[in-house]
Amino acid sequence: MTATRVLVLNSGSSSVKYQLLDMRDSTRLAVGLVERIGEQGSRLKHTPLTDGGGTRERSVAIADHAAALKAVAEELARDGLGLDSPELAAIGHRVVHGGQSFTEPTVIDDAVLAEIERLIPVAPLHNPANLMGIRTARALRPDLPQVAVFDTAFHTTMPESAARYAIDVATADAYRVRRYGFHGTSHAYVSRATAALLGKAPEEVNVIVLHLGNGASASAVRAGRCVDTSMGLTPLEGLVMGTRSGDIDPAVIFHLMRVGGMSTDEIDTLLNKKSGLIGLCGDNDMREISRRIDEGDERAELAFGIYIHRLKKYIGAYCAVLGRVDAIAFTAGVGENAARVRQAALAGLEPLGPAVDADLNAVRSDEARLISPAGARVAVAVVPTDEELEIATQTYALVDR
Ligand SMILES: Nc1ncnc2c1ncn2[C@@H]1O[C@H](COP(=O)(O)OP(=O)(O)O)[C@@H](O)[C@H]1O
Ligand SMILES: CC(=O)OP(=O)(O)O
Ligand SMILES: [Mg+2]
């Protein structure tokens, strides 16, 4: 029997999304999610797709990402899809920070693990979770290839003019301080899918991708290659996010230290976990914010206004970076679902080319689709991202020989 299945683990700071796929035709055999890892009320949601068996949800104490993967393995085994299956060809892992070392998907060995570990200081919320998933998967199936697919890889094509901060070069190089960018697997997938939606090859189009999830980032993609992105050394720079501030004057940090007496760790927590939408209005879920705006809540409206203002600035900036823009694509939880965000982000930008048709924008669908009126100079699209499929495809390409 040839092994054609790939298990994909997308480990976030407090969650794991996973999918088991058969790569002969990219069908999903099971999908699931472990949430609130290490917190009160952790839970697992598992859906086998093989014989139409329904979703199983249970609350289980899950202390860390190692325990999470063990629970996932148990669920898969109950459906006869366990990690011991000879049909499993590889396990693909999303790894958030690959620094400058990794520009391609990479089969994981001890040296690769050591490098991912060395990068923890620049991805403290993400790389430790990714490492724990990899180590646990290796312990469960030491014989199986494990592949790392890096969020940073797609952005390694950025020119130095976009990748460097304007700080002393020797200091920057000594500490590898530069702009790496994240969500690259999504930006790559969505920019290609947007080209396909336009009936073009990726090399023929320039696309602005807006990945708006809990973490959020924008990228400018010229002829299939990333030329700029909004996240930097870490996933803190750029857009306003669910709990992260995005861009601020770096002097805010000195001010909070000197005048506010705050420690480095306190400021780190403030900017990564207590800022963005949640810091501005107490909610980080765009559904809840939208509901509050409808009720006339002024704090929610202000938070939304700040979120949209930043988004608009990046869209304008990337129009300038690209010169010619063929499409703007919205993706991830907010981008795919929040018509209000899409409408507001592009309102008033018609002179630059993009336009949104209100009726098309209001349609709810899981399909990639255009929401701009026919003949718009810049197409506007909603393109569901699929990081797991992209990771599975890249993983299988490395092991299928
Ligand atoms: N129907 C919806 N309307 C508006 N926003 C939504 C909707 N569904 C999900 N979201 C937003 O998507 C976010 C999660 O996006 P997702 O891409 O799954 O993020 P992440 O991968 O960072 O966890 C939620 O926090 C919520 O704000
Ligand atoms: C890199 C990053 O911000 O990832 P996420 O959106 O999954 O938190
Ligand atoms: Mg995400």
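Including glycine, each Cβ sits where the backbone N, Cα and C put it.
Annotated features, as they stand in TrEMBL:
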BINDING   Asn10, Glu387  Mg(2+) binding site
BINDING   Lys17, His211, Leu212, Gly213, Asn214, Gly215, Asp285, Met286, Arg287, Gly333, Val334, Gly335, Glu336, Asn337  ATP binding site
BINDING   Arg94  substrate binding site
ACT_SITE  Asp151  active site, proton donor/acceptor
SITE      His183  site 'Transition state stabilizer'
SITE      Arg244  site 'Transition state stabilizer'
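The shortest Cα-Cα distance from Arg244 (site 'Transition state stabilizer') to any of the binding-site residues (Leu212, Asn214, Asp285, Glu387) is found for Asn214. Within 10 Å of the C-beta of Asn214 (ATP binding site) we count 20 further C-beta atoms, all protein chains included.
For Leu212 (ATP binding site), the same-chain residues lying six or more positions away in sequence with a CB closer than 8 A to its CB are Leu239, Leu311, Phe330, Thr331, Ala332, Gly333, Val334, Gly335, Ala338, Val341. Within 10 Å of Lys17 (ATP binding site), counting C-alpha to C-alpha distances, fall the following of the recorded positions Asn10, Asp151, His183: Asn10.
Ligand 2 lies under 6 Å from the Cβ of none of the binding-site residues Asn10, Leu212, Arg287, Glu387.
Taking the Cα of Glu387 (Mg(2+) binding site) as the reference point, the closest of the binding-site residues Arg94, Asn214, Asp285, Glu336 is Arg94. Separation of the C-alpha atoms of Asp285 (ATP binding site) and Asp151 (active site, proton donor/acceptor): 23 Å, rounded to the nearest whole number. Using a 10 Å Cα-Cα cut-off from Asp151 (active site, proton donor/acceptor), the recorded positions that qualify among Asn10, Arg94, His183, Arg287 are Arg94, His183.
Summary: among the recorded positions (Lys17, His183, Arg244, Arg287), the fewest other C-beta atoms within 10 A of the C-beta are counted at Arg287.
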